[in-house]
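Novice: Starting off with a structure, shown below.
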Amino acid sequence: MKRTFIMVLDSFGIGASADANKFGDEGADTLGHIAEACARGEADIGRSGPLTLPNLSRLGLGKAAEESTGKFPVGLDKNADIIGAYGYASELSSGKDTPSGHWEIAGVPVLFDWGYFSDVENSFPQELLDKLVKRANLPGYLGNCHSSGTVILDQLGEEHMKTGKPIFYTSADSVFQIACHEETFGLDRLYELCEIAREELTEGGYNIGRVIARPFIGDKPGNFQRTGNRHDLAVEPPAPTMLKKLVDEKGGEVVSIGKIADIYAHVGITQKVKATGLDALFDATIEEMKKAGDNTIVFTNFVDFDSSYGHRRDVAGYAAALELFDRRLPELMALVKEDDILLLTADHGCDPTWPGTDHTREHIPVLVYGPKVKPGSLGHRETFADIGQTVAKYFDLSPMDYGKNML
């Protein structure tokens, strides 16, 4: 029975890539800098002391990071008994965003340039805004700028509730984000507005990767809170991913947990499981692993590393989340049967010690575990697509156009 379990620790980079200078990210190191801050006692909120990741260390995380940066992460166990194959991968794709990273993991790098709204103020073309107001029958809009999603709620959330005007904002990523109050504006209405925005962006040729619905609750600055009802409207990958090939060629199952289905525009996904928060994502993953039959991929995105800690530059929160993940990792490993493969990786970096609030261009860890996987170094992988090619080979699918089999 062939089953693969892919866990994406969203934004968990392990050192700047060779082209990081093109992105302003030379020297970024999500894992390394978190570990250093912990060792200095600068991440003692809700946790304390050096970063402790014994189970990830046994899978080779520390050694992969050392291969990536030349430095072993402070606090991790140098003498851990390695039970998995480990390496690090560079990104071929032109961006450091979520879709690019995930599509490349699935064997389809993004070699074209996304469109971006690069103006910090008045970010969106007036023509686009006018169409959205008209088609969605809006009283107007707020924002129209670059912003952190939490900051803009404190700035404009109250006005949004009073006026019914949605909050439009973007970032350094190829995104059009819409924040609306779940109760005063309504969730269904927000989703409808996002569908209209997706259509207008596509028809207008803007080449924007994602429209993101950002629902929130609360009644005043300081207690506004984004909910788990986020919804991403992505464009479809430009070629068949290994997910789609498994479904098409083998009649296989691909179970999405978290935001995976949205990232791939639901192409190559046969089942979607919703869960919010690290523990809930873990619980859902365990349930689906127990149920998984032959020719199945269970694919989970642990978004909180990125959305709650990376972008918010919360070092202690990121460290605590990693330690929680590590504590629960044996629950996943215990469900790995003789022919199974468990793959742990990331989609980009988001160094919480780095200036700004955006992603960082970094290598990602590639940690592979299974009874038939030979422990040891996989070395430097030149593209995330090596993961997709490896999975395609494992399931006896037609080869991907990019990537090399690692096993």
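Glycine is no exception: its Cβ is also placed from the backbone N, Cα and C atoms.
Annotations for this protein, taken from Swiss-Prot, read as follows:
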BINDING   Asp10, Asp347, His348  Mn(2+) 1 binding site
BINDING   Asp306, His311, His359  Mn(2+) 2 binding site
Novice: To the nearest whole angstrom, state the Cα distance for the pair His348 (Mn(2+) 1 binding site) and His359 (Mn(2+) 2 binding site).
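Specialist: Between the alpha carbons of His348 (Mn(2+) 1 binding site) and His359 (Mn(2+) 2 binding site) there are 7 Å.
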Novice: Rounded to an integer, what is the Cα-Cα distance in Å between Asp347 (Mn(2+) 1 binding site) and His359 (Mn(2+) 2 binding site)?
Specialist: 10
Novice: From the centroid of the CB atoms of Asp10, Asp347, His348, the recorded Mn(2+) 1 site, which same-chain residues not already listed sit within 8 A by their CB, in sequence order?
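Specialist: Not counting the recorded site residues, we get Val8, Leu9, Ser11, Phe12, Thr98, Gly101, His102, Asp306, Ala346, Gly349, Cys350, His359, Ile364.
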Novice: Which number gives the other C-beta atoms within 10 angstroms of the C-beta of His311 (Mn(2+) 2 binding site), all protein chains shown included?
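Specialist: Counting Cβ neighbours of His311 (Mn(2+) 2 binding site) within 10 Å gives 20.
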Novice: Look up Asp347 (Mn(2+) 1 binding site) in the DSSP assignment and reduce it to helix, strand or coil.
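Specialist: Assignment for Asp347 (Mn(2+) 1 binding site) reads coil.
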Novice: Let me know the most crowded of the binding-site residues, choosing from Asp10, Asp306, Asp347 and counting other Cβ atoms within 10 Å.
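Specialist: Of the binding-site residues Asp10, Asp306, Asp347, the most buried by Cβ count within 10 Å is Asp347.
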Novice: Show, in sequence order, which residues other than Asp306, His311, His359 on the same chain lie with their Cβ within 8 Å of the centre of the Cβ atoms of the Mn(2+) 2 site.
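Specialist: My list of surrounding residues reads Asp10, Ser11, Ser307, Gly310, His348, Cys350, Thr357, Asp358.
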Novice: Provide, as an integer number of angstrom, the distance between the C-alpha atoms of His311 (Mn(2+) 2 binding site) and Asp10 (Mn(2+) 1 binding site).
Specialist: 11
Novice: Count the Cβ atoms, other than its own, that fall within 10 Å of the Cβ of His359 (Mn(2+) 2 binding site), considering every protein chain shown.
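Specialist: The answer is 30 other Cβ atoms.
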